């Protein structure tokens, strides 16, 4: 494993630098209930560099100095093992267990940012939609979602369809089934993980964030509608 | 389209200047769940100037420099197309898609401010009240609502009635049906849009905001009552 | 009506001065959903002076300069009309419509502070408990409530009983029925108003606030239990 | 009772000093709804010193100067009575009534921190799981919980089991039944108290906090599942 480390990659006075943005966004995601108890997070890719938060830490208390920087693409065939780093924290930290999942969004969608939440709305949606997909139609918020997460915006007349994959004991083992779902549902803007949460990506952090907000809103209203006995898809 | 631009219109050290208020209010509306995922917002009219936020941006991160200023009234017959601006942001931004809807509140109610939310309470109300109106009676919060949004306050003994219009794929296409509903229900303090949200106005931003809070409260408690099997209108 | 006004009564660098506390507490009550849309508030009495917020304003944006100060007791037989003031804001403001209700807590319980909320938990409790009282037992939070609001703390084995009075079109007209309920239920720590909210008092602002928190918690869990079909009072 | 008092034990410019952390964490627990109305709190043990908040105060307004410091272990056979202090506040305060319960986590689990919440999710869980334990399986968040609170992390394939003890009128009287439950369920990461709340501990404050977040999440989703008629344990 590469030990290369260049601290200047995470030191910036620009509040929009990824090493400053990730801590700030994680704090706001904590307040939304998306990343409570060390789970979830966000990564940002700027061209050939990927900024990733550490694993297993309190996400609302990350500091820029905790951020990992990896080259993109990775020289190795897979970022699953023996990852190469441009910068590692001095502390005894490990990069987010979501790393191979985030990589799916770069490899398969050319994403610039990927968000993972443990939102209860997402988890409840995977419990009430027991099949392989979550679907909802005729909601204004659908217009905030983009085809494949990076394409043009959906229309109010489109039915939103997100695949739901089954959870695995090790987060890294979701990589293949997530990639499979992204291939099978090429227009889907995210992937739900049953009893776990959701992965959502975008061309940059703003779009990844606003799309996650739209999808989370749709999970929440969909769950409310289902529990109230209302149909969630109209013909 | 006029390219006139006067940046001094949005630079002020007064926190109550519309260009400072709109960003601050949008941040607080984000925390209330009213403007998540780029949807929703607020406009403020001060006499012959209208201050409007940009379209499709994260509403909790607007800066004064992002604000559009339009003259009121517009020289053109309709603000729907070929709008005239007093000030446009230097960035590649478009004015809010709600602009023609906001204009309804100026033209038909002489409003000084109009708010649009995607609140889930509003959307759930439009799903559980399946007809053309939302109604509720005998709630103290009704006293915070004004006749026609700009008149005298309702009494505790008044039944609140708000029209619900059907959503359209393009937000601007709601202009005519919203105007029609405002004409048909001249006393209504706002207009609900099915599966979308609500428009609420007032003589100034304080009243538009407090009335939106009262109406949102009434949507929320009305939905809770309906789901609990309680009648929402008493005779 | 007395026009006496002494601004020094509301100017202090002490954050615990009532004129500083009331704005701060109202902001936090707004975030709790207790005083949205201009309704609700808190008054503080320090010996012979009563500090009261204005009526009909956004409660999260009150300034110390907006605060009214009244002498206690009032020279007049009732604070209902022709009130005497030690200090009135320079602005065109009216004292809170809750003033005669707050006065009940001073006159009948020797309270030092009284809080009025429009909390949805309180309103839902008055809708699901259709009789003259709200009751709940066997909840740890009952231990945070005091007999009569100003006496010794309740025990876990006590059943909490709060009277519910019927709402009236004018808030001031609640004065007599609230006083009657306080006389009929001398041990009650607050008075619920059907379809409106709750009044809670204490010997000082800290106790009024913590008791309101305990009662609001009990309304919330009581409503959840009732909707889940669980009994709220055990024998 | 020892009157020894050394104020230097609670004065530090380090934001991670226990006397600074406890007030900050209590403020954030207040915002989570865990410590409303003076109930609940957190203690931190650093080797031979235990830092504890006062009893019966507003937990979101604690100051470092309010913190008690006790030696660990206590020279007396039990910390239940006649406690020895290294530092007591100058004010008329009493140490948290949870002290003997916190001590259980030190004595029986060698914990470095213990948290007590009155979260409504915890209380609702104790009402809907009417037997001696709360159980849930197949939730990603289970992986954030550790065996016995201080051991290795649970797997996604483990069923989470937490004992529920019955509440008593005096908080201190829970000491024996909590210790009994910890002995009977040696792997449990916390103890629920029926109609009251939960105790959760960890090797340090970060782990105690993240485990409390995970457990609270599991109570919340478990309650939602139960109310929606979904099974909470899969075979």
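Note that Cβ sites are derived from N, Cα and C of the backbone, with glycine treated the same way.
Lifted from TrEMBL, the feature list:
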ACT_SITE  A:140  active site, proton donor/acceptor
BINDING   A:98  substrate binding site
BINDING   A:116, A:118, A:196  Zn(2+) binding site
DOMAIN    A:20-223  domain 'Class II aldolase/adducin N-terminal'
CA pair residue A:140 (active site, proton donor/acceptor) / residue A:116 (Zn(2+) binding site), Å rounded to integer, equals 23
Residue A:118 (Zn(2+) binding site) has its Cβ surrounded, within 10 angstroms, by a count of other Cβ atoms equal to 27
One of the binding-site residues A:116, A:118, A:196 has its Cα closest to the Cα of the residue listed as 'substrate binding site', namely A:116
Students should find that the recorded positions A:98, A:116, A:140 with a Cβ under 8 Å from chain D are none
Students should find that the recorded positions A:98, A:116, A:118, A:140, A:196 with a Cβ under 8 Å from chain B are A:140
Per DSSP (three-state), residue A:140 (active site, proton donor/acceptor) is helix
By a three-class reduction of DSSP, residue A:116 (Zn(2+) binding site) is assigned strand
The number of other Cβ atoms within 10 Å of the Cβ of residue A:98 (substrate binding site), counted over all protein chains shown, is 26
Across the domain 'Class II aldolase/adducin N-terminal' (A:20-223) the predicted model averages a pLDDT of 95
Between the recorded positions A:116, A:140, A:196, the one whose Cβ has the fewest other Cβ atoms within 10 Å is A:140
